[in-house]
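If you check Swiss-Prot, you get these features:
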REPEAT    48-86  repeat 'HEAT 1'
REPEAT    96-133  repeat 'HEAT 2'
REPEAT    134-172  repeat 'HEAT 3'
REPEAT    176-213  repeat 'HEAT 4'
REPEAT    257-290  repeat 'HEAT 6'
REPEAT    296-337  repeat 'HEAT 7'
DOMAIN    447-659  domain 'ABC transporter 1'
DOMAIN    687-1004  domain 'ABC transporter 2'
REGION    1024-1055  region 'Disordered'
Amino acid sequence: MAPAATAAASSGKGSFDLATLFVADKAARDEAGLALADAVKKSGVEFFTQIGFNDAIVKALNDKKSQSAREGACEVISTLCENGAAQLLEPHVISSAENTPFPALLEAFADKVAAVKTAAIAAVKAIVQSMNPWASFVLLPALLNLIRTSGKWQIKAGSLEILQQLITSAPFQMGEAMPDLVPVLAEAVWDTKSDVKKAAKATLEKAVSLVENKDIEKFVPALVKSLLNPIEEVPKTISLLSATTFVSEVTAPTISLIAPLLIRGLDERPTATKRKVCVIADNMSKLVDSEYTVRPFLPQLLPRLIKTSETIADPEARSVANRAIVTLRRIGKVPAESDGSDLPPLPVAEGPHLATNFVALVKKHGGVSVEQTNPGLAYAGVLAASLVNHHNFDQKTWESTLPPYLKLALPSYDSLPAVRELLQKKADEAETDDAKFPDEEEGEDLCNIEQFNLAYGAKILLHHANMRLKRGHRYGLCGRNGSGKSTLMNAIINNQVEGFPPPTEVRTFYVQHDIDGSEAEISILDWVLGDKRLLATPDEIKSTLESVGFDEVKQKNSIGSLSGGWKMKLALARAILFKADILLLDEPTNHLDVLNVDWLINYLTSLTRCTSIIVSHDSDFLNRTVTDVLHLNNFKLKRYPGNLEDFVQHVPEAKSYYQLDVAEDYQFKLPNPPLLDGVKTKEKSLLKMRNVSFQYPGSSIQQLYDISLQVSLSSRVAILGPNGSGKSTLVKLLTGETEPNLGGQVWKHPNLVIGYVAQHAFHHIDNHLDSTPLEYMLWRYQTGEDLEEMHKANRVMTEAEIAKMKEGATVIKDGVKRIIDELVARKKLKQSYEYEVSFKGMSSAENIWISRDELVARGFEKKVMELDTREAQRLGLMRPLVRREIEKHFEDFGLDAEFVSHNSMRGLSGGQKVKVVLGAATWRRPHIICLDEPTNYLDRESLAALIAALKNFEGGVLIITHNREFSESICTEVWAMREGYLEASGHNWVEGQGSGERIDKKAADDDEVEYDALGNPIVKAKKEKKLSAADKRKAKKDRMARRKRGEEVFSDEEL
């Protein structure tokens, strides 16, 4: 051997006697190994090639006659790794070259000499401990193949030991490789050799420790059991997991453990088990960050789900399966015509190709010419391929991984520009979210945070996200309802975002109309002067207030007199005075009319030193305002340059932020109202206002002048007008929130139910934020009535009304004076009603009936209305106030049962809270739905669903909105309010029933569909109409006439 080695050494530029590494004397071998380490550190990475190192090591490992040669070959690897030459050795040992010694080292695990076997395992461990972690993917296929197929148990056991070392040395990379690891280890646990079985079990336990998902941490032992003993453990584990709420991101280690369980579970026979699997698959898939995470399991999981949806009998379980299929297709980007089993293989980057790219880029950036076969450069190509194939395009990772190996080939060259350009190229090719835009480095940074996390309670909102904000930019923060937009802004203002600059460095202001009810009587000027955060003099404050529309007179008005639009302008005035570096605006156009929205756009676009982060569902406002879009999706925050239109070019599926398209799988459904006594067409008026005028107590200006109008079931009314024109006041008078105080009358049908959502929609739930929507509904409707109705002005008795009622409570009956106690019941009386009245101190047998007009004349109008409301709800066939029915009702508004029954309303997003308010307002099946600014906080998808639901609603609709797109898509009638006067157009007001279609007679084909126990519709046989006696006589006469003519005719009795 020595002559061959010497010849190899002398033929190259380097010189080293390799034979000394394989002599019998161990001390001499060790000395030679140290000498080689010194020599290679001086001469560089190509020294190994020059002396023929790989060929000599492979030859020595295969020398069955010389134990010292085999042992020496293993020892020199360990010596080089332990003495500072590991990085120089890596490109030669870990490569795709045919003469790499790695396979021979693995075969040495089965050497008959124990010392050689021990040295071989130690050598491979030394390589694994010192190598770059991204090289793990190069070694792993060989290890897994030997564990699965080797006929020698020693090699299997040794490979499992190395696998354990890999898990320790490169945990992140091994976590990514879990889809490949788990099946091999689960099989190896059943090996016939106890040593292999024991090693496999230990390795599997170590591998599952890589699962960091807090949702399933406690279930990991059960999941491992189900892998090892599927027949008995799978049903139990599925039951355990089905009760789990997934809130943490689902990564490769997590899905590697759960997917085999789901695949096996779908092969079980019980429908309940299959349904639970579908629920788990759906919930889990929603939290998968990338298609590549779920891709390995699609060929087995998706076809089984499709088969389940086609064969399962229970319709509800079928719908759950279909939901899981839709989610899995979306996450895995599987075409509609594919079942996931025929997906094309993912593109694979090759090390030599990337090494060629490096050669060209080095030359482009002024480097010297270098051969792509250079070990350092070729190995950098291998590592770059490993990064690309595992979709890691993080700049820091590339800059820390590749330059050290490029430096081996080009010691004096700065390789960072070449690495960055290749990273950008590969990221663009992969269409990854990590791709950077050309303007990324332009402008002054206000904040540059990398790898931060954000959670709300147990729910993960952002995971390893980056956020970079430039001075003077206007960022539109986009994402679905519930994705965490408002939570992120609250976290910024409350200093809860790790790495965000403190207030002493960057002044941040949250624009919101946060006016406390206790401050309603304070003047506008005093309220602003009282804000100690504002760095402004009283004169500056006054001039700023004037600049946004608050003249001297208006500054003296109380805050409580401001409409929603003026409150938002006041909040913006405070933001101007705060002199902020960053403005946070959450739905700033809420309650603003068109003119004020234009003013806001002009103001924001004029700011050159102030940065804005804007959350808004007004697509036109965003399109005209923002310079960049921050997209909050899949736990990441990605910046896209340009406005909303440009953003849609980059992310086509985000069109839902820009267009009002109703999604098939996301629709709202409003409950249709019951019939009303005496109402035979949709044109008949149910609510009338005649010559009503109104002025708020304490206000110097009258709000409404001589208003007359009416509302019917066919009404589709848009109430339009500038801020402060009296729109909300008008609606409050119609719904009974307030009462006319300057003359006029408001009349409504005694059984009419109105569903009302106020301008500040959240005021309905403000006192119940720590309750779940379920608990709120149980409280609000606990008596069968709407408890919110009890606080309306038309239900609260004034002192004058109490005095009048007390005076009119005396009834003379049979010469005896009686005092009215309560109104007990009601019944029809011609065109009106009469009411059963009980008397104080008398039994129910003494009750009498009094007409409505008489009771109203006696001052009992509000008591009459109270009884009318109870009767209206009873006639509305109120559904049972139970959990299942409430969950089903909210489901019609896109709110999952999970949020209804298990999440407090404080933790819900703005959009989800609006859905709660909408659901609560429509629980009583209202005849008229009145919505004051309903588009606030709803995303475009929810807005489209609401529009479609209102179009299909069988009752009347009143809408106050500044969103023209919303109003024009629903309303045919316009009530234009201008300085307290009403101009109505497009209406169809009639006296009496009108000429519309009759609604009081049920059509013959309107019978309700009945369902069997599984929910499938029952097709009923039509009942034959029974003949009357006259019909029978007529039929008999007809038969006799036909017989007389010679025809052969028989009756049923004769047959």
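Cβ atoms here come from the backbone N, Cα and C positions, even for glycine.
Note on the repeat 'HEAT 7' (296-337): residues 179-180, 255, 259, 262-263, 266-267, 271, 274-275, 277-279, 281-282, 285-286, 288, 343, 665, 1014-1016 of its chain, located 6 or more positions outside it, place their CB under 8 angstroms from a CB of the stretch. In the predicted model, the domain 'ABC transporter 2' (687-1004) shows an average pLDDT of 80. In terms of DSSP helix, strand and coil, the repeat 'HEAT 2' (96-133) has 27 helix, 0 strand, 11 coil. Cβ atoms under 8 Å from those of the repeat 'HEAT 1' (48-86) belong to residues 1, 4-5, 8-9, 12-16, 18, 21-24, 29-30, 32-34, 36-37, 40-41, 92-93, 97, 99-101, 104-105, 107-108, 111, 113, 115-116, 119-120, 122-124, 126-127, 129-131, 375 of the same chain, restricted to positions at least 6 beyond its ends.
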